[in-house]
There are 2 protein chains.
Amino acid sequence: MVAQLEYVKRVEPLMKDMAKTHGSTFTFDHLPLQQGGSLSPVTIAYETWGTLNDTGDNVILITHALTGDSHAHDPAHPGNCKMAWWNPLIGPGRVFDTDRYFVICSNVIGSCYGSTGPTSPDPRTGRPYGMRFPVITIRDMVRAQHRLIEHLGVRHLAMVAGGSIGGQQALEWGVLYPDLMDKVVVIAATAALTAQAIAFNEVGRQAIMADPNWYCGDYWPGSGPSTGLAIARMLAMITYQSEEVMEQRFARKPVQQAMAPSPANTPELGGRFDVENYLYHQGNRLVERFDANSYLYLSRAMDLYDVSEGYPSLEFALRRLQSKLLLIGIRSDFLFPAAHVRWLAEKVRSLGGDATYIELDSPHGHDAFLKDWDQLTIALQQF
Amino acid sequence: MVAQLEYVKRVEPLMKDMAKTHGSTFTFDHLPLQQGGSLSPVTIAYETWGTLNDTGDNVILITHALTGDSHAHDPAHPGNCKMAWWNPLIGPGRVFDTDRYFVICSNVIGSCYGSTGPTSPDPRTGRPYGMRFPVITIRDMVRAQHRLIEHLGVRHLAMVAGGSIGGQQALEWGVLYPDLMDKVVVIAATAALTAQAIAFNEVGRQAIMADPNWYCGDYWPGSGPSTGLAIARMLAMITYQSEEVMEQRFARKPVQQAMAPSPANTPELGGRFDVENYLYHQGNRLVERFDANSYLYLSRAMDLYDVSEGYPSLEFALRRLQSKLLLIGIRSDFLFPAAHVRWLAEKVRSLGGDATYIELDSPHGHDAFLKDWDQLTIALQQF
């Protein structure tokens, strides 16, 4: 019991801090959706850093991952990589240089950090959409971002850059609006998810929807399927890392830190390994800051993404690319295997496109795009 | 609805068939346990094929994996690899030659196929143990098997062989009873699980224990946390395969077969991938044939196994080995990585032991030990 109290005391302030919404919002009337139907109205939460020039073309658009938000940079804490998810890459003199560029990051539709998503009121009922929210895709996210940059007076993008689902968005930008940007940076993302990655996502979703507190998505805000969401996050955290780095960090050590409650609040069977405690902790943290229905919709958008969708072939889709493309794979990533990222670069080149492939020699798995700042900086500087 | 009915019709007969218990049982009074406490009485379900010779030393002991049973061979259907889990390797003239050897396979304690486990009556109450079953380890399983072979009149083992948790048992046999056998075959198993593999197991266990029908393990036989167990199995099935073979088999194909109900019986978000349907099907199949509490205890025994446990060092434990050791790794196995299996072989050799390492060049992942019959046969014939 002491361990439990201590845990709550240490974690809660952090949770509240992370759940803050930042920046501005832009609302527009209507967004037709790739899978049919539409969303209206649509609100996009966003942040910007730096100044837009008179010609409206000194712009870098940053796109975020599954549970991310618009807070890619925190000028008040530029040295703290925990205060904003791409903080070390953004700022004066950094690779995304806010002295030269107008840097934009918006929260994707379907999310719960200020943009329209399942927690938003459904205008037909005035109550949260829940599972009446329509199926959205990476292309829908990109189309909504396009409306935002038009609203901000942007005429041309110097670069679109993102990792993971953010990388899928960056690639989609290049294919959907080929003449609108000079450069595209796709990190730890591919043309489409593997069967294995879809499978992992679906296990997580089943865990959420099996939680009796999910109520088919109609839980009250602030409550909901916290056990299921924590289990989904535990699994996702394994796929974001690698066997190698988990062995370095945890191996078979017994629990080392304050005991976190397990999602199902269950008895232990022969002790607790440190890796289990870590995953409980990560599960609990996500529950405090993220909406379960948003998790379902955004992870599904990740599965459904296929850059060739709606075109006669993959080649046809990739031939649309006009910008310079930088594809960054991560040696130890098993969610978006480096070999698939490299394959995409070679495919684009074989079709006459300008694609560069760089591989991060990192043990951190998929999460390297949020950790290996030095390697990322070098890769981006060279581009 | 039609699809659902069709699914039930096709799958149910198979389920009943798989849930059969085979063979004989042996009951003894008392088994002290590695983690403390004891189990009494203890029943072991087992099967044998071939004939024990007068000197009691023409014996091969086969050890099974997590959800396996004693039915490693089915003489009535020797050509059907679905009727018994190592059928193609066992029989007259096969690598485990029943013309020459007395082959034994027993169901591990903690399981639900005839040996004492959480579904057995607790003698203190007359009701199923449930979670009052004690924590058991691989060493406890092996000690119980030792009692069984003594009972059968076995004086010496020509070989102990198993894959996955069966491989952990085979290794433990070599270390615990070093002068009792000539050869040990460890397939797709290592000296101890990785942090990543423990993590995957724990996600599955949390899914089971989060199911409101688990009732802290006190569900009625035949009911229970079917949703949680199906989700745990979905995840486990991913870890038993590989990215490569899932891509070959499923890639991003939409559902191809009869629609299986999903564990949480949930709405679909933008269609169903074939890999998802396959995993639902696998989840449902396990629920029909396996006990959820047994799954908790046996997966935990897998986590807790460390060959060095109770010895001053890993080297000390491995120096105890006196038999010839064959370690078989699988190129695409990420649950028990081939590099770790190879490392163990090298370690044993560096300590003066007789260890051979062979790697199966298979895309099937961990499950290759239940699939790649030709490669397994060649590896075993050479040993």
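Every residue, even glycine, has its Cβ placed from backbone N, Cα and C.
Just so you know, TrEMBL annotations never went through curation; they're auto-generated.
In TrEMBL this protein carries:
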- A:59-366: domain 'AB hydrolase-1' (DOMAIN)
- A:SER164: active site, nucleophile (ACT_SITE)
- A:ARG233, A:ASP367: substrate binding site (BINDING)
- A:ASP333: active site (ACT_SITE)
- A:HIS366: active site (ACT_SITE)
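Locations of recorded TrEMBL features on the structure.
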residue  : record                   : Cβ neighbours (10 Å)
A:SER164 : active site, nucleophile : 25
A:ARG233 : substrate binding site   : 27
A:ASP333 : active site              : 30
A:HIS366 : active site              : 26
A:ASP367 : substrate binding site   : 23
Subject >> Cα-to-Cα gap, A:ASP333 (active site) vs A:SER164 (active site, nucleophile), nearest whole Å >> reply: 11
Original post:
Reported as an integer number of Å, what is the Cα distance between A:ASP367 (substrate binding site) and A:SER164 (active site, nucleophile)?
Top reply: 9
Original post:
Any idea what the Cα distance is from A:ARG233 (substrate binding site) over to A:HIS366 (active site), rounded to a whole Å?
Top reply: 14
**OP:** Quick one: pull the CA-CA distance for A:SER164 (active site, nucleophile) versus A:HIS366 (active site), whole Å only.
**Re:** 8
